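Features of the protein shown, as given by TrEMBL:
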| type | residues | note |
| --- | --- | --- |
| COMPBIAS | 1-18 | compositional bias 'Low complexity' |
| COMPBIAS | 30-41 | compositional bias 'Polar residues' |
| DOMAIN | 124-189 | domain 'Nitrite/Sulfite reductase ferredoxin-like' |
| DOMAIN | 199-356 | domain 'Nitrite/sulphite reductase 4Fe-4S' |
| DOMAIN | 382-444 | domain 'Nitrite/Sulfite reductase ferredoxin-like' |
| DOMAIN | 462-571 | domain 'Nitrite/sulphite reductase 4Fe-4S' |
| REGION | 1-42 | region 'Disordered' |
Amino acid sequence: MTSFSLTFTSPLLPSSSSKPKRSSVLVAAAQTTAPAESTASVDADRLEPRVELKDGFFILKEKFRKGINPQEKVKIEREPMKLFMENGIEELAKKSMEELDSEKSSKDDIDVRLKWLGLFHRRKHQYGKFMMRLKLPNGVTTSAQTRYLASVIRKYGEDGCADVTTRQNWQIRGVVLPDVPEILKGLASVGLTSLQSGMDNVRNPVGNPIAGIDPEEIVDTRPYTNLLSQFITANSQGNPDFSNLPRKWNVCVVGTHDLYEHPHINDLAYMPANKDGRFGFNLLVGGFFSPKRCEEAIPLDAWVPADDVLPLCKAVLEAYRDLGTRGNRQKTRMMWLIDELGVEGFRTEVEKRMPNGKLERGSSEDLVNKQWERRDYFGVNPQKQEGLSFVGLHVPVGRLQADDMDELARLADTYGSGELRLTVEQNIIIPNVETSKTEALLQEPFLKNRFSPEPSILMKGLVACTGSQFCGQAIIETKLRALKVTEEVERLVSVPRPIRMHWTGCPNTCGQVQVADIGFMGCLTRGEEGKPVEGADVYVGGRIGSDSHIGEIYKKGVRVTELVPLVAEILIKEFGAVPREREENED
C-alpha cells in the first residue's frame, strides 16, 4: 500500500481566519477501529481482482475477458494512456483522418482511446473535429488560462467555442488533430491538463464554487479537490493506476450548507463531519445517472479524518477497479458493484485497501445544516475577507465564444485577482473584487447584455447539455431551444421563486434532468402526420440539497413545439406561477 505526504498552502480545518495556513497532509494516518465483518453473501472467488499490473499498466486478466464490452476490448488491444505517456499522440497527429480511418486500430484511437487525453471526436456532426475536456478542480481558473483557451478556439472560426460544464469544467470545441501536440504543451504552460478527463477515468473533482471566500463555508474545499486531481493524474503526468476503471467515476468534496456540489449524484462524496473532536468527512457512495438507471448516493457508514481524503479515494477506486464488472456498459457503474456485494461487503473491500486495513464507522456529528436555505450567488456578494466581494454572472446555458472569454479575463484582471470560478450550473463568478470597484464592474457593457449579474428568475436555473449541434448521441438540439422556450414561457407566466430547468439531449442525461425542478430529456416522438419529430420526456420534482430526491416523469414524448404551454401549465400547477395576463389585470 502506497503512502503519501503532500504539502499545500490553504486552510485544512474550518476557520474564520482568512489567512492561509501551511499544513502537511500525511494521508497514511493509522486508525483504531477494527474492521467490521461483511454481511454480504459473496463467494470468495468473486473477490479476486479482475485486473493485473503488466508493464506498468493495469489490464483485465485473461480469465475475466468472456462477455466483455467493446470498449474493454479496445483497452486490451492497446493501452490508451500510451498515447500520452509514450507520445503516441505525436504520430497520430501527423496522419490524415482518412488514413487513420483506414485501419481499425487507429480508428479506435480516434474514437475511443483519445478520450483518455480528453479528446472526443465529433464524427457524426463535425468529422475530423474534436471537443477537448479539461481538468479544473473546484472550477477555479485564471485569466491566463482563459485567454489561452480563447486563443485556441478563435482559430477554428464558427466551429470554435467553449462550454462551462455541469462539473465546473471547461470544454473547448473545434479542435483538429494536427494541433493537439501543441495545444497540450500550451495547456501545460498555463497550468492546465486535459489528461484522464474522459471515458473510464475519474471526472473533474467538484467543490464549493466560492470556497475560501464564502463567509458561511464549513471548510475550504480547494485543498482537497486540488489534491484529488493531482493524485488522479499524477500531477498531470498520467496515472495508470486509475486509468482502467470499469466506467467513469465522479467525486466531490462538500464545503457548504448549500450543497452546491450536488453530493447525491457522485460516486464518492465527502460530507464534512466532526468525530471525537476531529474534523473529517462522512462518505456517500454510488450516485449516478444513466439511460437505464438513476440512483442517489448512499451512506457507506464510514468517516475519515481530513488527512485521509486521498487514501480513502485510492481505496474506493482500487475496490471498483479490481472488482467491478466489465460486461454491459449500462451495468458497470460503481453502484452495480455495491448492489452485488452489499453496502457492508463493499465497505469491507474498501477497508481492506486502506492503510493498516482500518476504516472508522460514520459519525453522527454531521456539519451540514439540513434546514439551510440555498443561497443565490448571482450579483454582488460580500466575501469573508473584509472589503472584498464576489460577483456572480449568468452565462446562458454555459456557452462562450473566444471574445467572451477574453473579456471575462480582462474583467477578472481589472476588478479582481485574475481568477474566475465556474459553477455546476454553468455560470461564472469573479472573486476578490474590491467592494469599492463593484459599481464600476456592474457598469461594464459586457454585463449589460448576455452575461448579466441579475438574470431573469427562470434564466437563473437554466442548464443545458451540448445537444445535437455537436454531440452525436443527442437526439434534439438543446442550448438554443432551452433559451427560446424559457424566454417564451417568461412572457406567459410570472413565477414567485427561481425554478431550475435542465435540458439533456438524450438518456445519457449529461444535463442532469432528474435533479431539476423541471427536466427535459430529448427523444423522438410522433408528429401530426405520424412521422418522427423532436420531442422531450418531461420530468418534474427533482430536488437538490439535504432533502434531495430524483424527479419523476410528468409526461412522455412531448413535441418540442408544444413545450411552451406545457411548461407554463406546470409552473402554474406545481410552482405557484401566475399567468401574466391575470397579473397585469390585477395591477
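Placed from the backbone N, Cα and C atoms, the Cβ positions cover glycine too.
What TrEMBL says about a protein is an automatic prediction, not a curated fact.
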May I ask which of the stretches 199-356, 382-444, 462-571 has the most CB pairs under 8 A with the domain 'Nitrite/Sulfite reductase ferredoxin-like' (124-189)? 382-444
What is the pLDDT of the domain 'Nitrite/Sulfite reductase ferredoxin-like' (382-444) when averaged and given as a whole number? 97
Using DSSP, tally how many residues of the domain 'Nitrite/Sulfite reductase ferredoxin-like' (382-444) sit in helix, strand and coil. 25 helix, 20 strand, 18 coil
